[in-house]
Amino acid sequence: MRRTLLRPFSAALLQSPQRLLPLTSLNNVFSPPNIGLRPSFTSNSRWVFTNYLPPPEWIEPFSDVSGLVSSPETFKPSPWVSQILNLLDGSPNMEANLDSFCHNFLVKLSPNFVSFVLRSNDIRGKPDIALKFFTWASKQKKYSHKLECYVSLIDCLSLSNDLDRVKLVFSEFKQKGYLMTGPGANSLIKSFGGLGMIEELLWVWRKLKENGIEPSLYTYNFLVNGLVSSMLIESAERVFEVMENGKIGPDIVTYNTMIKGYCKVGKTQKAMEMFRIMEVRNVEPDKITYMTLIQACYSEGDFDSCLSLYHEMEEKGIEIPPHAYSLVIGGLCKDGKCVEGYAVFQNMIRNGCEANVAIYTALIDSYAKCGSVEEAINIFERMKNKGIKPDEVTYGVIVSGLCKSGRLDEAMEYFEFCRGNGVTVNAMFYSSLIDGLGKAGRLDEAEKLFEEMDLKGCPRDSYCYNVLIDALAKFKKIDEALALFERMEDEGCDPTVYTYTILIDGLFKGHRNEEALKLWDTMIDKGITPTAASFRALSMGLCLSGKVARACKILDELAPMGIIPETAFEDMINALCKAGRVKEACKLADGIVDRGREIPGRIRTVFINALRKAGNAELATKLMHSKIGIGYDRMGSIKRRVKFRNLVEC
């Protein structure tokens with residue numbers, strides 16, 4: 001009687017792939033030696049080898065160390081994880097390599113293993129590989145994906161904003177009819193919220209409720225964030241109200257999400273109200289709260305609120321990130337408050353936070369615009385001494401400041417330095433220099449730089465054209481200015497309202513009234529909205545040429561367009577008085593009343609000041625002590641308005 005004893009495989013051996021031999025080697029080991037047609041056995045023979053192999057074993061992402069590890073957090077992935085991850089290279093042979101590996105080592109990947117691999121950092125950001133691996137795993141014998149596998153894949157795909165494939169995978173997921181879990185719902189809501197997939201997000205929320213699972217704080221926060229990300233602020237508000245009135249109250253994350261939502265839709269005031277509610281509910285705001293609000297206030301130009309929020313952070317000892325300093329300093333500098341901006345800058349340095357090139361540039365620009373060019377240059381030198389390399393914007397504001405203060409030679413030196421040291425010379429450099437040279441009457445140099453821009457491949461914008469046109473017009477080279485205007489249009493650079501204002505003013509000063517009026521009509525026909533400055537140039541030109549009625553008519557034509565320059569009449573009266581045409585100014589003022597309009601009280605002051613400046617003190621005193629412009633003469637039961645023309649007729 002032959003006795004056959006088969007030695008079974010140990011599961012422990014399969015836990016370490018480094019010690020395993022491939023299947024071909026195993027076959028060789030277990031195959032009996034070929035020593036004849038009929039093998040002979042001795043009486044001492046204890047083993048009989050066969051070609052039988054055990055079935056593949058399911059492997060898990062963690063080794064079974066239940067007797068050694070007291071906390072799940074200390075689990076380490078099994079060696080199989082790294083082996084599988086090495087095979088996920090996205091190559092055309094990836095699936096074949098996985099098949100071969102699992103066949104050789106007699107293993108199959110469990111759903112837990114597949115889910116763990118899909119969530120690993122090696123796969124995140126690689127949606128194609130994740131999907132291929134997911135599809136391959138589903139083809140294993142006697143295998144079916146669990147809910148966690150789909151959740152992990154959707155999470156991976158959502159990180160790459162792969163909306164189409166997320167919808168495809170989710171459609172398959174819904175057909176499986178899995179029982180929803182809390183962690184699974186949290187992950188899905190987070191993924192769908194980030195992608196703006198509101199229908200899918202709400203489906204998960206309903207399933208959570210249907211399965212009787214009470215949402216956790218994390219679930220609520222993911223839901224609120226998803227609604228906010230999709231700009232559904234009203235829906236987010238309803239969820240927030242449920243939290244306030246329910247067992248699970250909102251925390252700092254919930255408040256920050258709501259504040260972020262209000263800021264995204266431009267409801268900064270509502271965000272500030274939510275911020276104050278936090279204080280009432282004893283929820284302490286953190287630096288994220290303050291940063292969100294500071295960013296929103298900065299975007300709206302509310303720089304005072306930026307400063308107030310910054311001071312609150314200081315008082316509460318909350319860490320102020322560099323970006324907050326940048327916004328507060330930048331806002332103060334934009335508001336022309338360079339001294340206050342510099343004070344915040346000093347606090348920043350004292351608190352050990354280094355300023356970047358943008359902060360230094362904002363301070364330099366602010367001081368230069370306030371006329372403190374020396375202080376701007378001192379900050380510029382301090383910046384360089386700190387080892388911070390100025391960029392083209394920094395050099396640009398230095399050049400601009402020097403040009404505006406008339407220090408053109410110094411500005412040219414910086415300009416030449418930039419050209420010789422690889423600093424990009426942009427349109428801002430050229431425009432500042434052309435403007436400065438033009439205002440100083442150095443028109444030849446200004447025109448030379450203007451032409452150089454084209455040769456250097458630096459595009460000329462409307463601002464660059466405007467400063468040169470302005471210089472030519474101011475020095476009575478109106479024909480050259482008009483020629484440049486035509487060239488501007490030919491080169492595809494659209495004129496602005498400022499371009500037309502310069503030329504209209506220049507034409508009127510050159511007594512070319514009809515050309516000025518024609519240019520005004522061209523501007524209106526092109527749909528360019530006149531400004532108070534452009535109408536002032538037109539009306540003053542018409543008034544000084546004796547065409548007051550024409551100016552009033554054009555003003556009436558602007559009203560249906562929604563353009564009502566508030567100081568139009570004041571400007572016209574002021575211009576007439578300065579030119580010594582007091583009678584015409586009085587007639588214009590009375591005409592305002594005759595047209596059914598009220599005369600502002602300040603018109604009387606304009607008259608008095610204009611008369612005094614024109615040297616007509618007698619009429620100014622007479623007007624000061626009269627009722628003209630402020631009251632009525634009563635003749636019996638009849639009230640009669642006192643007219644300005646009585647001033648010169650009596």
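Here the Cβ of each residue, glycine as well, is placed from N, Cα and C on the backbone.
Summarising the annotation, TrEMBL assigns repeat 'PPR' to 181-215 (among others). Counting only same-chain residues 6+ beyond the ends of the repeat 'PPR' (181-215), those with a CB under 8 A from a CB of the stretch are 147-148, 151-152, 154-155, 158, 161, 163, 166-167, 170, 174, 222-223, 225-227, 229-230, 232, 248.
What TrEMBL lists as repeat 'PPR' is 216-250 (among others). Outside the repeat 'PPR' (216-250) by six or more residues, the chain places 182, 185-186, 189-190, 192-194, 196, 198, 201, 205, 208, 257-258, 260-262, 264-265, 267, 281, 283 with a CB less than 8 A from a CB of the stretch.
Same-chain neighbours of the repeat 'PPR' (251-285): 217, 220-221, 224-225, 227-228, 231, 233, 236-237, 240, 243, 292-293, 295-297, 300, 302, 305, 318, counting only residues six or more beyond its ends whose CB sits under 8 Å from a CB of the stretch. Marked as repeat 'PPR' by TrEMBL: 251-285 (among others).
Taken from TrEMBL, the feature repeat 'PPR' covers 286-320 (among others). Mean pLDDT of the predicted structure over the repeat 'PPR' (286-320): 92.
Long-range Cβ contacts of the repeat 'PPR' (321-355) within its own chain (Cβ-Cβ under 8 Å, at least 6 residues beyond either end) map to 287, 290-291, 294-295, 297-298, 301, 303, 306-307, 310, 313-314, 362-363, 365-367, 369-370, 372, 375, 386, 388. Summarising the annotation, TrEMBL assigns repeat 'PPR' to 321-355 (among others).
Under the heading repeat 'PPR', TrEMBL lists 356-390 (among others). Non-local neighbours of the repeat 'PPR' (356-390) in the same chain are 322, 325-326, 329-330, 332-334, 336-338, 341-342, 345, 348, 397-398, 400-402, 404-405, 407, 423; each lies 6+ residues outside the stretch with a CB under 8 Å from one of its CB atoms.
Sequence annotations record features per position, and here TrEMBL assigns repeat 'PPR' to 391-425 (among others). Beyond the ends of the repeat 'PPR' (391-425), by six or more residues, the same chain brings 357, 360-361, 364-365, 367-369, 371, 373, 376-377, 380, 383, 432-433, 435-437, 440, 442, 456, 458 to within a C-beta distance below 8 angstroms of the stretch.
Beyond its flanks by at least six residues, the repeat 'PPR' (426-460) meets 392-393, 395-396, 399-400, 402-404, 406, 408, 411-412, 415, 418, 467-468, 470-472, 474-475, 477, 491, 493 of its own chain at Cβ-Cβ distances under 8 Å. According to TrEMBL, the feature repeat 'PPR' maps to 426-460 (among others).
With a cut-off of 8 Å between Cβ atoms, the residues of this chain six or more beyond the repeat 'PPR' (461-495) that come close are 427, 430-431, 434-435, 437-439, 441, 443, 446-447, 450, 453, 502-503, 505-507, 509-510, 512, 528. Under the heading repeat 'PPR', TrEMBL lists 461-495 (among others).
Under the heading repeat 'PPR', TrEMBL lists 496-530 (among others). Proximity of distant same-chain residues to the repeat 'PPR' (496-530), defined by a Cβ-Cβ separation under 8 Å and at least 6 residues beyond the stretch ends, is recorded for 462, 465-466, 469-470, 473-474, 476, 478, 481-482, 485, 488, 537-538, 540-542, 544-545, 547, 554, 558, 561, 563.
What TrEMBL lists as repeat 'PPR' is 565-599 (among others).
Helix, strand and coil counts under DSSP for the repeat 'PPR' (216-250) come to 26 helix, 0 strand, 9 coil. Secondary structure of the repeat 'PPR' (181-215) per DSSP (helix as H, G, I; strand as E, B; remaining residues coil): 27 helix, 0 strand, 8 coil. Across the repeat 'PPR' (356-390), the DSSP tally of helix, strand and coil residues reads 26 helix, 0 strand, 9 coil.
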